[in-house]
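What Swiss-Prot annotates here:
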type	residues	note
COMPBIAS	63-79	compositional bias 'Basic and acidic residues'
DISULFID	CYS93-CYS108	disulfide bond
DISULFID	CYS100-CYS114	disulfide bond
DISULFID	CYS107-CYS125	disulfide bond
DISULFID	CYS111-CYS132	disulfide bond
DISULFID	CYS116-CYS123	disulfide bond
DOMAIN	93-132	domain 'Agouti'
CARBOHYD	ASN39	N-linked glycosylation site
REGION	61-87	region 'Disordered'
SIGNAL	1-22	signal peptide
Amino acid sequence: MDVTRLLLATLLVFLCFFTAYSHPPPEEKLRDDRSLRSNSSVNLLDFPSVSIVALNKNSKQISRKEAEKKRSSKKEASMKKVARPRTPLSAPCVATRDSCKPPAPACCDPCAFCQCRFFRSACSCRVLSLNC
C-alpha cells in the first residue's frame, strides 16, 4: 500500500511540474505610452484630422437641390443612351448559349464572348453586359 501511495504521489508531482512548464510564459505588459507608441502597428498621426462644420438651413437646401439635379441628370443620361449600330451577322457564327469551342467561329451577338470552363472543355457564348 505504501508503494502505490508513493507512485501516486510521484505521478501527481510529475503532472504538476508538467502542467506548470508546458504553459507559455505570460507576456510582458507595456508600462508606458512611449513603448506603446513604438510597438503599435497603427500610427495615430497618419490619419487626417477631422473638422466639424455647422450647417445652416441654406446649405441643407442647396445640397438637396444639388442632389435632385444629379438624380434627374442621371435619369436623363440613362434614357438618352444611343444604341450602337450592330455589325451585320456573318453566316458561320455561334448563337448565344451554344457551344463555341476554339475551332468554332465567333459568337453571332457582338456583345457576346466565348467563355470556356473546365480547362477549355466546355465553352459557350455568353452576354454579360446588358447595356451593350
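Note: Cβ is positioned from N, Cα and C throughout, glycine not excepted.
If you take the CA of CYS116 (disulfide bond) and look 10 A around it, you hit none of the disulfide-bonded residues from CYS107, CYS108, CYS132. Across the structure, CYS132 (disulfide bond) and CYS108 (disulfide bond) are spaced 14 Å apart at their Cα atoms. Of all the disulfide-bonded residues in the list CYS107, CYS108, CYS125, the shortest Cα-Cα distance to CYS114 (disulfide bond) is found for CYS125. With CYS123 (disulfide bond) as the anchor, the candidate disulfide-bonded residues are CYS93, CYS100, CYS108, CYS111, and the one with the nearest CA is CYS100. Cβ neighbours within 10 Å of CYS108 (disulfide bond), excluding its own Cβ and spanning all shown chains: 17. Taking each Cβ in turn and tallying the other Cβ atoms within 10 Å, the top scorer among the disulfide-bonded residues CYS111, CYS116, CYS125 is CYS125. DSSP states for the compositional bias 'Basic and acidic residues' (63-79), grouped as helix (H, G, I), strand (E, B) and coil, give 17 helix, 0 strand, 0 coil.
Considering other CB atoms within 10 Å as the measure, the emptiest surroundings among the disulfide-bonded residues CYS114, CYS132 are those of CYS132. Neighbour density for CYS123 (disulfide bond): within 10 A of its CB lie 18 other CB atoms from the protein chains shown.
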